[in-house]
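J.: Residues or ranges marked as 5-phospho-alpha-D-ribose 1-diphosphate binding site in Swiss-Prot (evidence: sequence analysis): 98, 99, 102, 104, 128, 129, 130, 131, 132, 133, 134, 135, 136. Here Swiss-Prot flags 132, 160 as orotate binding site, drawing on sequence analysis.
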């Protein structure tokens, strides 16, 4: 399937499985009359494959060691991309950032690293399923930077176009999205 056909098919899957209208309170605290819940798309076999494919293609020219983001939205996405990257002979390892470190066990804030493995000096991409203001992704960026990593890109599947671009620019973070909310609202 061509890139444009993959993108169109994924948009259809998102529209049918993950987009809705109706009043909702977003993670940012804002109210909205539409929403995206990408988990049904990320956990669908075809949706996961297409998200991984298009995300991997968006990262192809970046030199990336790790990909991850804040739990829960980044977990299935980072895992799918890591798997595809292995199959493409260009492995990108995955991790996720806990919203709050576990209070037991190793008490980790960043999960997915092997014993003794570190993000220090590594080039990382932060992924997010849906971005509104950028606040959740910036929390992940802060945790990953604290571990010594370099953030090369913040990549979201759907940008709601409600301030994230400006927030990332202000924070000096490159930002890209696979889709804009307006692509779904104007159809």
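Even glycines carry a Cβ here, placed using N, Cα and C.
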J.: Of all the binding-site residues given, 98, 160, which residue's CB has the most CB neighbours within 10 A?
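T.: Result for the most crowded candidate: 160.
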J.: Can you give me the same-chain residues 6 or more apart in sequence from residue 128 (5-phospho-alpha-D-ribose 1-diphosphate binding site) with a CB-CB distance under 8 Å?
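T.: The list for residue 128 (5-phospho-alpha-D-ribose 1-diphosphate binding site) reads 69, 70, 73, 74, 136, 137, 140, 154, 155, 156, 157, given in order along the sequence.
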J.: Which number gives the other C-beta atoms within 10 angstroms of the C-beta of residue 132 (5-phospho-alpha-D-ribose 1-diphosphate binding site), all protein chains shown included?
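T.: Here the count is 25.
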J.: Report the same-chain neighbours of residue 134 (5-phospho-alpha-D-ribose 1-diphosphate binding site): residues 6+ apart in sequence with Cβ closer than 8 Å to its Cβ, ordered by sequence.
T.: 154, 163, 164, 167, 168, 171, 175
J.: Quick one: Cα separation, residue 132 (5-phospho-alpha-D-ribose 1-diphosphate binding site) versus residue 160 (orotate binding site), in Å?
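T.: Taking the Cα atoms only, residue 132 (5-phospho-alpha-D-ribose 1-diphosphate binding site) lies 5 Å from residue 160 (orotate binding site).
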